[in-house]
Every structure is written in structure tokens, then in C-alpha cells.
């Protein structure tokens, strides 16, 4: 709204004397001018009863019952209104600017939503308008989208984003907050700040077809949020509902008892807190969990509806749960198709990897199985980035060492043989360390080692005897063999970190 438009609007309900006017920026805000404290902003219109401020803002309205004496150094845009009309004029302008800003923001978001065709991308783009991070969660507190252009720095929510969901303990604490308990069924934003986080937050419910589908969370960053953010968040909530209906309709689907039961187990809900009906659900005697994750095009990966349909065709008795950037499959461990066949279900551009848990027999161990599959994928990918399938049983030793390395230096558990052979090979141009590694990987079989290294068995024996002499080690001792295997795992894990 230009200053000229402000004058016309005020003139409809109050006397106004224009002292000067010129071309100006759009006026987006109105404030009271505090002499010595306020700083001029070209997009703000200031009101004051002081007719002779020492510093003039660009846009100024004097509240006075008489025309001031000639003004020196007056601003480009200056007018005078009677003091009796100040409150009315101020409120009229405030409402007009709010409506104008809201309409512009609404139209902008509609354009963005239609262009990006993704609720997640809409949230990311919108975060720039707030200059604050945004998160969209569904009604089960799963992470649907979050801003990356304004990254989420809150440590609690960063961890939730990493997992793709909020665990049971977190959800329970949030539901205890007074502001959450007092929230009604409207789309009005409300504060959800908790003592365990240093950041203030606003939450706003998201509705689609009159059904509550989730909530938007605005997390205060370096700048504090203000009243206009509440109006903007409410506007974004409505556009998010529009985007979900058009581009993420799966959020509207009602889920089965099996789905709800498994999801609650995954987030750590105690079994005794679940409905009685869930406890009689039947599962296979031996179960395995598969955790599929896309390295590229995560949006297309989860949204591809045909993916879940094809998974159900290959695994008719399986239960499929989707997260923000992953799909979890819980199925009978017996009679599964090849994992490579399951990966082919996904679009090639997604570069899908899968972590596979160990077998388990009690469905209550589902969360443990998810951790196994995620760990296998994370650690396995570091060791073999060209692989697509990572089984927990193949990487369990590396996973154990990875967790141990977070609290202490695991290199102290490495057998002295490794360091001795490294130094010897460097000094003499030999490959004794590689020979020993192949030997232990071949279950200490000379025949298999010779075949793997394309060598005569006598050459292998010669090298092993050299190792025994150089390192003064008994390679036939089972404990020594175990120690050396573990040491090679430590070495390999350390190489990926460096």
C-alpha cells in the first residue's frame, strides 16, 4: 500500500492534512515513533504527537489538533490528523494492512503449491517468508516435511527429523502441555514451547476436507516471531491442506489395526498402553524387518503409490509402513523373494538401499529390529557404498564397534599383529597384511586362501610362516584368530571414518 493510498483510506473516516508526499516503497507496517529509540524503515508508517522530531522517518503522520509551524528537514511523506481520530485511524490502517498482507501471502502460497506440486517443497519454500524453520507432522506425529532452506536447529526436533517420527515419550510429554490440552478444533495457532527446548514454537492444526490431518510447527530462530506470523501460519495451514488433497492424499487414508499397532510399537509405546484389540493380532512365527531408503528423489520414492501395491503383490502377508523418506516392511522371514527383486519395485532414479534386521519371533521386539535394520544400512553403506542390500548379521560386529567408538577409542582393542605387519609391508614392499586378512576371511583355510589370492598353497604357507616369525603369534589359536578378525573390523571401520 503506497502512501497515497493510505491518505485516501484515512480520508474516508477522518480529516487529514497532507504536508508532503512523494513516490515511496510499499507500506507494510504501522508503528508508534519513539524519539531516540525508533529507527526509520522505508516500509513502515510511523505515528507521533511530536511535530519536531530530531530524526524524521520516511513516512510520518503527526497526531495534532493544529497544523504545525514550518517543518525543517521533514520526510518525503508527511500528514497530520486530529488527535481525536488517532485510535480509529490506526485501527483502520492496521486492519487494511493485515488484509492486504494476508491476501498477498495467500496468493503467493497458492502459486508455490501449484508450481512445486509437493507439500514438503511448499513447507520448505514458505519457511523463507517466516525467516524461521517449519515442520509438518501428521496426526501420528510422523515427520511429513520440514524446511531445509531455513534448517531446523532445535536439537529435539532435529533428532525427530532424523528418525522420521516422534517417539512415545516425546508425544506423551507434548500432550501434557497446558496449551495443547486447551487447544480447540479451530485452525488458530497456539504456543507449544516446552522447558526441554530453548526455542519458542507455534503450532497450527492442518485440516483437509474438515478432517484433521496433522500440524504445522514454526520454530523460532535468531529473530523472534511476532503477531503477523500467527496469521501467516494460519494461512499456510489452509494451503497445506489444499496441497495434501492434491499431492499427498495418502495422509487422508484410514489405517488398519495392524498398521496402528506396528507404528505404535516402532515409536516405543508400551504394550500395556495399547488397546486390548491390538494384543490379539496374529503375526508369523519368524519375522524380519526391511528398511528401504532412497538416496535420491525421496519425494517420488515415498509418493509412488504403485510401489506399495507392488510390494504387497510380492509379499502378500507383509505389513508396509511409510515414513518421510523410508518404507518399512514387516514380513514373514520364511519364503521371501530375493531382496534384489524387492528393490526393483522402486524407481531406479531413487537409488534405493535396504537394511535388513535379524530374524525375531516376538512382535514386541519390532523397535529393536528397526534399529538393527537402520544400523545395518548406515554402517554397511559406509563400508560398501556400491552395495544395495545390508543385512544385520553381516555387519553386526561393525555395528557393535561403531556404537562402542562413540564412547571410547576402539583402536586400543586392535591386536598388535596388525600394526606390526603394516610397518613391515611398508618397509619391505610385501603384502603380508593382505594375506592375513584373506586367511581369516577364508575361515583360516589355506586351500580357500590360495584360491582367493590366485596363489599356490605353498606360497600361502610360506607367507603365514613369515607372519608367525615376524609377529611371534600363534595363528592356530582360536582366541588369536578372533582377535585378529576383530582387529581387521576396527581397521576397516577406521578407514571409512578417515
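Counting begins at 1 with the first residue displayed.
Positions of Cβ are set from backbone N, Cα and C atoms, glycine also.
According to TrEMBL, the features are:
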- 304-379: domain 'CdaR GGDEF-like' (DOMAIN)
- 432-487: domain 'PucR C-terminal helix-turn-helix' (DOMAIN)
Integer mean pLDDT for the domain 'PucR C-terminal helix-turn-helix' (432-487): 94
Within the domain 'CdaR GGDEF-like' (304-379), residues counted as helix, strand or coil by DSSP: 35 helix, 17 strand, 24 coil
Helix, strand and coil counts within the domain 'PucR C-terminal helix-turn-helix' (432-487) (DSSP): 43 helix, 0 strand, 13 coil
